[in-house]
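What follows is a short report on a single structure.
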């Protein structure tokens, strides 16, 4: 009984926090341009990213949980998702929060605007920069995909973009953009991007006749990615403090590439595969585009909630985030989870921070202790070729 009272108190506190945050949002809207900030590595030479995949948020306390234990059903709702997010943000203190689609479950949503605001409320309250891309369910309420992104980019503390201005006239989808992570303050690379993040809209469902299934990353998006990657390489190699090679990158989108089908329980490096991969219905060649450019070291997706593995194919890590939300389907007794990525810088001989040294990841479970599992190194610049001159 005491546990239930504590749980209800926490629910009430979070409901008040969400209400207060939304009230402030309505009374004091912050223009998106005013929120833009330069992201950079910390004085400790680290940049941490929290991935939240498949919240499937609907109507708050009135929304029932899916696939939980019988003992959890009576007191389980969207608020469990809210509580989990607040806990993991407090525990990890990330530098950036990334929502990789199906943020709301449109079919069950009564008020799209209210559900979107509530879904992101813990991130907004944390005042940590955050970004979002769309999945295949975000637009299934009263908002179109464009309307969803148009609203998201106006929320406080977000760095999300509808599309890059230079590509808005030709690019497919809504939510394609790049963020640059600059070197540590007071280092020679403080004004140079040493880590590049790519966010892409993988769409929802195929609109091509006789090609039913999930959507895919289009040629126009790949063209934008290729141009952006090449431009960032030129900037990385340029004076002042020119660097060799290309800065490493990470890519985030919702629907898995067909190449995720290459893995099973035997060759996935960490994590589990508990369901089939619901990949894009056609192979548009984006994996090949990523390999050809060479900067992206890891891809992170959602969509298949009870898969949370990473697998390496041709030097590129393909990783699931694992299902986060309680209104999303899951597996009873298999905890909801979030993926954390930490990128570390190389320390130079004089004690200053240099370019990226390694990329690591682990997952946090929504259990009593927020257990950490499946720690692994995704990429290590062992050759130390990215040197500060």
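Note that Cβ sites are derived from N, Cα and C of the backbone, with glycine treated the same way.
Residues 303, 304, 305 are given by Swiss-Prot as substrate binders; from 136, 150, 157, that same site also lists 136. Of all the glycosylation sites in the record (80, 191, 267), the one with the smallest CA separation from residue 305 (substrate binding site) is 80.
Considering only the binding-site residues 136, 303, 304, residue 267 (N-linked glycosylation site) has 304 as its nearest partner by CA-CA distance. Comparing the Cα of residue 136 (substrate binding site) with the Cα of every entry in 80, 191, 380, these being the glycosylation sites, the smallest distance points to 80. In the three-state DSSP reading, residue 380 (N-linked glycosylation site) counts as strand.
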